[in-house]
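One structure is given below, encoded as structure tokens.
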């Protein structure tokens with residue numbers, strides 16, 4: 001019985017992101033669930049900047065309130081706390097925080113810190129035990145988590161077509177901490193964005209899925225101005241940052257296969273030097289869920305920058321920004337406890353480009369023991 005339960009449970013965990021959220025309150029149309037995990041995590045690598053303890057905790061809640069028969073209010077908050085630093089260091093941050101309204105079959109609208117619509121498709125390959133999902137990053141225009149997202153979603157196409165979902169999204173400007181481009185939540189140029197719009201559409205049928213997403217954001221003056229505001233500009237200058245992505249997945253019969261291809265313009269970060277004028281990003285993953293709780297994983301990820309331009313006085317054309325094979329496995333003891341190993345086999349060469357951009361070229365082995373609820 002335990003084996004059969006695990007075989008049914010694990011795919012649900014991967015989708016939900018939480019093993020079994022603890023129901024704190026459910027009465028009179030109001031519901032509040034608490035979820036979280038503690039990951040006792042250690043990296044082994046020749047790169048001393050990541051080698052060692054990486055332990056962290058995540059905690060969040062999801063709430064709903066029934067306003068009328070047709071209208072439901074909801075909200076979600078998730079926080080991460082690093083467990084590998086001294087107590088006087090402030091290494092914690094909000095991952096998501098948003099509130100919204102759902103109008104039955106009409107759709108839902110929410111606002112806050114959330115995931116960009118591009119992640120509706122690229123998330124299909126972001127399922128590795130520890131690594132993965134790094135041909136993009138957080139606060140990277142509309143490619144992953146970010147601030148100021150206003151999102152409309154329709155599930156099952158207004159209730160008319162099962163499995164057909166679409167979303168339309170707007171992101172407000174998150175600019176500089178000072179000067180003309182200042183906003184109340186100003187940040188470094190690599191994590192800024194101007195006003196942006198995006199959309200996604202996905203279709204799932206009997207385990208098969210196909211999806212596409214696009215986004216276009218204005219770039220800020222800081223992003224087009226320079227590394228030190230006086231001399232060299234960041235690479236990847238342009239009025240807009242654009243992303244076009246497509247993906248496929250299969251999730252049935254204990255098999256999970258997914259792949260996504262994304263082409264970006266002035267949107268993919270090149271280490272700490274700016275953005276690629278054009279980048280081609282590819283991720284593919286294959287996993288199998290054994291009935292006794294073991295889930296091996298194999299993946300390949302590559303991000304190739306095109307026509308990068310001049311960096312530190314050197315002219316670079318086409319360079320790999322990221323390229324690795326990932327081999328890993330997770331073992332689920334039950335719905336709340338798991339352990340994993342994840343080996344990132346870095347295929348990048350240590351050369352002048354990677355040194356200029358501050359890109360890691362070393363392999364990493366991650367070992368983790370996870371309690372989640």
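Glycine residues also receive a Cβ, built from the backbone N, Cα and C atoms like all the rest.
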Which is it, of 244-250, 265-271, 307-313, 314-320, that Swiss-Prot names as transmembrane segment?
244-250
Of the residue ranges 233-240, 337-344, 345-352, which one carries the transmembrane segment annotation in Swiss-Prot?
337-344
Looking at the ranges 107-115, 116-124, which is given as transmembrane segment in Swiss-Prot?
107-115
By DSSP, how many residues in the region 'Loop L3' (116-133) are helix, how many strand, and how many coil?
7 helix, 0 strand, 11 coil
Which range out of 34-42, 74-84, 92-101, 208-215, 325-332 gives the transmembrane segment (244-250) the most CB pairs under 8 Å?
208-215
Kindly state the mean pLDDT of the region 'Loop L3' (116-133) in the predicted structure.
98
